[in-house]
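What TrEMBL says about this protein:
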- 18-492: domain 'K+ potassium transporter integral membrane' (DOMAIN)
- 508-673: domain 'K+ potassium transporter C-terminal' (DOMAIN)
- 52-73: transmembrane segment (TRANSMEM)
- 128-150: transmembrane segment (TRANSMEM)
- 170-189: transmembrane segment (TRANSMEM)
- 201-221: transmembrane segment (TRANSMEM)
- 247-266: transmembrane segment (TRANSMEM)
- 278-298: transmembrane segment (TRANSMEM)
- 318-342: transmembrane segment (TRANSMEM)
- 375-393: transmembrane segment (TRANSMEM)
- 399-422: transmembrane segment (TRANSMEM)
- 427-445: transmembrane segment (TRANSMEM)
- 457-476: transmembrane segment (TRANSMEM)
Amino acid sequence: MEFGLYIEQVGWEKTLHLAFQSIGVVFGDIGTSPLYVYASTFTDGIKENDDLLGILSLIIYTLLLIPLLKYVFIVLRANDNGDGGTFALYSLISRHARISLIPNQQAEDSSRLNRAQWIKQKLESSKVLQISLFLVTILATSMVIGDGVLTPSISVLSAVSGIKEKAESLKQGHIALISIVILVMVFSVQSFGTDKVGYSFAPIILLWFGLIGGIGIYNLVKYEVGVLRAFNPKYIVDYFKRNGKEAWTSLGGVVLCITGTEAMFADLGHFNVRSIQISFTAVLLPAVSLAYIGQASYLTKYPENVADTFYKSIPGALFWPTFIVAIAAAIIASQAMISGAFSIIQQSQSLSCFPRVRVMYTSTKYEGQVYIPEINYALMVACVLVTGIFRSTTNIGNAYGIAVVFVMLITTSLLTIVMLLIWKTNILLVSLFVLVIGGIEAVYLSSVLSKFVKGGYLPLVFAFFLMLIMGIWHYVHVKRYKFELEHKVSSNYIQELSRNRINIRRMPGVGLLYSELVQGIPPIFPHFIEKIPSIHSVLVFVSVKHLPVSKVELHERFLLRQVEPRELRLFRCVVRYGYKDAMEGTEEFERLLAEQLKEFIEEEKQFIQKEMENGVVYLLGETEMVAKATSSIIKRVVVNHVYNFIRRNFIQGDEAMAIPKARLLKVGMTYEI
């Protein structure tokens, strides 16, 4: 199996099952874009019908080139053993170029990591390129998480605003309040998991696609079949010739037709490549294309209604059924980016780029389906604030466009590296991809950035805040590891400990001493001996390590060595996980560790089993990170205050590993970095 070009081989029954689920989870966002695209594009009204054809042509070819060509047929194939998202691309690049900001590589990891021979030399030799790649990655992930705030706000607001067609007395404040109530309900059901949510949402989105596609056909036949001329791209050229700068500015509205496209890749771990390809090409693309075509046909006769195209173009008898389904679809649109945000946080936490949060696996049938309570509630509060403060879909739309295009451009950049480094694609094809896809996205980005002061700053504020947290956490994590590496205990200390055993009391049971170090004895160990002159009959130095791969097989998970001299019964255990792996519960971990120890040293099997029965105690070093007195003011503020504030306000190590309090022993120590 070649990394980065992985398509899970499963039966058609499971594939269709996942394709049905994906309709409810992945496509709600892009599927509800017809609610607001024309209104956001023609903010000053429609001057002539040829402009309408130009915009429709732009929408059609944007849908064909970005979601279909780029994502469905190319990006989805750049997955990491079935997992998607920006971190999946970063992980592929990292292990093929053998780059890492944490110096914890081991020879044993080589069986899990592949090398390519192309541009990896520059990536491996340049620290600037490595840091730049990391910063670009966390920028993209921060933008996607920010989409988890903007998507629910704009989708629900735009759907609920349709009620003003029948209740004109309602003010925008009432619309915002109704939207907030709905948003709170959406976030409240997340704990049930993608499996249950997908099954309950999929039939509604399927009905929604049937309605907008059917209404589109009705409007096309009733008003103006001639809009089908928009399939001729010459109308795009004519539109720009006629309108110049105004045409360029209008692209900020057109790009909203592909909002939520990144969810196909971010949510890939919940499904598989084939299922998303089937549901997109067979269901979503025909439905939304017909919706845009039908609305354009209606606007040729009633251009004055462009500010509320969707609801005005609905046949009278279908208004209320469509309105109800529109609200339901808008609610579901939020799901795509919410579940994507969960996946990204889980991946970034595994790669030491985010503080510890509680990750709950919500499906026993399908891997990758997670729920994170803290992130869920944070997104909910942010959504409520954005909806309550902005109230207008126009301002939120300005912000939304910037977030969408930024992420797409970063995905294009990382995918280009994957093509060259891993796939070894012909340089001419790579150049064509960059010129066509990258060029289109760059033009869209230049347009949406012109709306920065009109709400476009919002996703950049979100991204800056998240990048600050991720960057500080990762920076201090690396510094902490390097400190432990530089101050690890020498083998002479262990030999001295063996000679002075009479001063050290051996307690019954197995002690697990956790450390970041994958080699050597951590500096916290002599601190333990100094403060508590006793160690357990069997002591295991445990290092939990996340590799830049999606999964590590169970038989490859534990790396065990015995620390000499043997009579001390000290062991080194490196436990390796992929960023997609679920960490075992306490009892399961203890069972697996005992099995590995017994296999590793068969002659002490009975002794270890006896000590396991005496009980297991978890020994954790409570380390405080402090910048050296000679450090700069910025470093002292970042390490002493910002990092320690973040660390104190997120889950601590013993809570993340669900260690029983009755069997936990902590000793504090300060690291100066």
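Glycine residues also receive a Cβ, built from the backbone N, Cα and C atoms like all the rest.
Automatic prediction, not curation, is the source of TrEMBL annotations.
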Long-range Cβ neighbours of the transmembrane segment (457-476) (under 8 Å; 6 or more residues past either end): 101, 134-135, 138-139, 141-143, 145-147, 149-150, 348, 352-355, 382, 386, 396, 399-400, 402-403, 406, 625, 638-639, 642-643, 646, 673
Touch test for the transmembrane segment (318-342) and the transmembrane segment (427-445), at least 3 Cβ pairs under 8 Å: no
Recorded stretches the transmembrane segment (170-189) and the transmembrane segment (278-298) touching, at least 3 CB pairs under 8 Å: no
The transmembrane segment (247-266) touching the transmembrane segment (375-393) per 3+ Cβ pairs under 8 Å rule: no
Same-chain residue ranges lying at least 6 outside the transmembrane segment (278-298) that approach it to Cβ under 8 Å: 15-16, 19-20, 22-23, 26-27, 30-31, 33-34, 37-38, 52-53, 55-56, 59-60, 63, 67-68, 72, 206, 209-210, 212-213, 215-220, 222-225, 227-228, 230, 257, 264, 305, 309-310, 312-313
